[in-house]
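K.L.:
The structure's right below; bear with me while I get my questions together.
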Amino acid sequence: MEQLSSMASSTADPVRIKSSMSSNSSQKVRIVGKIRGFTKEESETLDGDSAPWISVRKPNEDGSSQKVTISFGDQSTSHRDVYEVDYCYEQNEDNDKTCDSKVFDGHNIAIIAYGARGSGKTYTIQGTEEKPGLAALAIAEILLMAEDTENSVAISFYEVFQDHVYDLLEPTRPEVQVLEDAQGKIKLKGLSKASCLEYVKSVSEFQKLCFIGCSSRPAMQKIPFEPPRKSHKGLIIRILSNNEKSNAKLLGKITFVDLAGYEDGRRKNCEGFNIGESSRVNKSLYALLNVMYALNANHTHLPYRENKLTRMLQDSFGGTNHVLMLTCLNPFFCQDTIYATGLASRSCQGSNRVFTNSTKKVKGSDTIYATGLASRSFQGSNRVFTNSTKKVKGSAKPIVLSSLTKEKLGIVSSTVKKSTSSKAYFSKKNTISLEKGRKLFDEGNHLSNPEQAKSPSNIASVMQSRFMSDIGSAIVPSLREEEKFISNACLAGVPKTEDVPLHSESNHSEVTANIDSNIKALTYLDDGDDMDKENKSLLMNEAGSPPLSARLRDLSNDLKSLLSLTPIQIEIPPETDVPYSDQVVSADIVELKTPVKEQHLRVKDKWEVANCPSETFSARSSGFKHSLVQDYLSFLNTASKEELKGLRGIGEKRATYILELREESPEPFKNLDDLKDIGLSAKQVKGMMKKVAGELFN
Ligand SMILES: Nc1ncnc2c1ncn2[C@@H]1O[C@H](COP(=O)(O)OP(=O)(O)OP(=O)(O)O)[C@@H](O)[C@H]1O
């Protein structure tokens with residue numbers, strides 16, 4: 001086992017993160033990594049000498065770094081991406097050592113398992129019969145406590161599939177309505193609550209009820225087997241307790257969420273997965289991460305409304321509630337794990353990080369998507385990148401239309417449509433209540449009342465003492481700072497609990513920040529593809545991609561200038577044994593004999609080594625063709641919907657679909673074959689290119 005755990009080793013290597021945020025006591029969402037253990041089969045086939053794929057660097061004892069960092073790939077490579085998280089569990093740390101739960105007096109907690117497919121999310125939340133997951137461990141504790149107290153415990157179990165919510169405790173799986181009452185509280189209409197004492201008398205019954213779909217509930221026994229589908233699953237455990245002192249009813253709630261796996265939609269599509277399903281899942285994951293980011297960055301706007309999942313979890317976020325996001329990591333190379341970690345890390349802390357971006361050099365990984373996605377998600381925070389490659393810049397373009405807004409709001413990816421909606425307002429009242437909520441949480445550290453916390457009649461207190469002493473330290477068992485966090489979190493709820501009314505779920509407020517000015521950046525001209533309009537739109541958005549026609553004109557000019565060149569003007573480098581890639585072009589030589597247009601040519605370029613005009617011409621023409629195709633692809637990867645719609649062969653439907661694909665992957669089109677995803681064959685595109693090129697010479 002020693003050998004196995006070394007596959008995902010902890011290391012104290014110096015990494016390329018230049019500064020890290022100190023732990024923030026007001027942080028609402030903890031982002032914690034968890035490296036999946038090996039399955040039996042994997043253990044058997046493992047090569048003991050394999051280098052670890054995941055490397056975890058713990059905080060320095062000297063206090064110079066307080067964050068945990070995760071990196072992937074060849075650890076001997078000096079350039080690799082590093083992702084900050086609050087903590088990371090090693091592969092050999094099992095569920096019982098991993099995590100706790102805590103129910104506060106009238107406070108909510110959410111434990112969310114997130115990660116790529118097969119990264120161990122279900123194992124972490126649900127577990128197996130032999131190794132119960134976190135939800136089962138929590139229920140075991142709760143059942144024990146419920147025996148001693150008169151508190152009532154109820155569970156609900158739901159599934160979010162394709163933006164619809166279904167009740168999993170009912171055999172007919174009725175749809176649940178996510179509604180908001182006049183006070184802005186979320187109501188899950190139609191979601192059943194099963195009394196734990198009545199239906200769940202043991203952990204195994206609980207597992208059967210929730211995860212296998214049968215139980216002593218007569219109705220549940222009739223549920224036919226359903227194949228698993230790509231959905232999020234949530235378990236809500238509600239605990240209603242009496243506070244003896246105030247005689248108030250306190251409702252605590254733990255929510256466990258087993259998220260659907262994050263995966264790159266475009267790639268999976270190629271492998272026969274349903275892209276629509278993947279796309280919806282990813283959208284909801286982005287929405288969730290955006291909320292977490294906004295919470296940790298103390299944004300006034302918390303974008304719950306973006307997605308059904310975030311709306312459902314709204315009452316577990318914000319105020320004095322706490323969220324633990326367990327980012328599950330595949331122990332073997334998995335590109336989606338890199339993406340997922342990048343996104344989670346971004347949500348970890350809001351701002352002010354300086355990264356050296358060297359993804360390009362991460363060995364053995366397809367870094368393009370990772371860099372793109374990670375850099376895209378880093379945009380919202382005030383991070384400074386060094387060594388930003390062309391790819392990084394390019395990958396940021398798809399969301400450049402709304403990048404100003406996103407930068408402000410720290411958004412991973414969202415539809416432009418949203419941004420055009422609301423006229424901004426900022427409610428002072430809401431701000432105050434938000435601030436009050438935060439203050440309450442911060443002050444909780446000092447106001448704790450141990451007596452009250454130990455009140456035997458209060459299940460929350462019992463939970464607190466039990467969980468805290470047993471598995472309670474588990475959000476981060478081995479890290480002092482984390483223990484402090486948990487204890488602060490628990491105690492934060494104690495002082496004023498007598499005032500907490502039933503259903504005092506949180507003081508979450510949705511405040512819309514003023515984004516009006518930024519929305520202007522999203523405004524595009526109406527249909528029409530004439531150059532003037534395009535160029536105007538380009539001016540409106542300096543960071544945007546140049547209009548295709550402008551690029552085509554440049555290329556056409558290049559080609560025309562080539563036609564006007566005389567053969568003797570082309571400099572042919574002397575023959576040499578040194579490979580082209582190693583040669584350095586001397587600007588001096590080129591300048592003497594080559595026309596200005598040629599100065600930027602690299603030795604590698606075919607036409608420069610051509611030894612006759614016709615070869616030069618054909619080399620240059622194919623270069624032109626290639627360049628045209630690249631521009632076309634880059635246009636598809638970056639243009640606005642209006643621009644896309646105006647492009648030959650695209651139209652409204654394809655434009656919408658392209659935008660959807662771009663939400664999945666920052667650069668969905670890398671070659672003509674990729675256009676199959678939008679129903680265009682390479683032949684069709686080449687035909688279009690021909691027409692475009694032809695028109696230029698008319
Ligand atoms: N800590 C662990 N030790 C041993 N095996 C594990 C561990 N975690 C997960 N596994 C195994 O790895 C496989 C994948 O785990 P799991 O189904 O939990 O992943 P997942 O992230 O939920 O996948 P999906 O996204 O497809 O739902 C399962 O066979 C599971 O039993």
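The first residue you see is number 1, and the count goes up from there.
A Cβ is built for glycine as well, from the same backbone N, Cα and C atoms used for every other residue.
Straight from TrEMBL, here's the annotation block:
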- 1-24: region 'Disordered' (REGION)
- 1-12: compositional bias 'Polar residues' (COMPBIAS)
- 28-350: domain 'Kinesin motor' (DOMAIN)
- 41-68: region 'Disordered' (REGION)
- Gly115, Ala116, Arg117, Gly118, Ser119, Gly120, Lys121, Thr122: ATP binding site (BINDING)
K.L.:
Within a 10 Å radius around the Cβ, which one of these binding-site residues has the most neighbouring Cβ atoms: Ser119, Thr122?
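P.N.:
In terms of Cβ crowding, the pick is Ser119.
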K.L.:
When DSSP states are folded down to helix, strand and coil, where does Ala116 (ATP binding site) land?
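P.N.:
Going by the DSSP assignment, Ala116 (ATP binding site) falls within a strand, counted as strand.
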K.L.:
Quick one: which residues besides Gly115, Ala116, Arg117, Gly118, Ser119, Gly120, Lys121, Thr122 have a Cβ within 8 Å of the ATP site's Cβ centroid, in sequence order?
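P.N.:
Leaving out the recorded residues gives Arg36, Ala113, Gly261, Cys328, Asn330.
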K.L.:
Where does Thr122 (ATP binding site) sit in the DSSP three-state scheme?
P.N.:
helix
K.L.:
If you skip the near sequence neighbours and keep only those at least six away, which residues in the chain come within under 8 angstroms of Gly115 (ATP binding site), Cβ to Cβ?
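P.N.:
Those within reach of Gly115 (ATP binding site), by Cβ under 8 Å and sequence separation of 6 or more, are Lys121, Leu259, Gly261, Tyr262, Leu326, Thr327, Cys328, Leu329, Asn330, Thr337, Ala340.
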K.L.:
Could you tell me which of these binding-site residues, Gly118, Gly120, has the fewest other Cβ atoms within 10 Å of its Cβ?
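P.N.:
Among the binding-site residues Gly118, Gly120, the lowest count of other Cβ atoms within 10 Å belongs to Gly118.
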K.L.:
State which of the following binding-site residues has the fewest other Cβ atoms within 10 Å around its Cβ: Arg117, Lys121.
P.N.:
Arg117
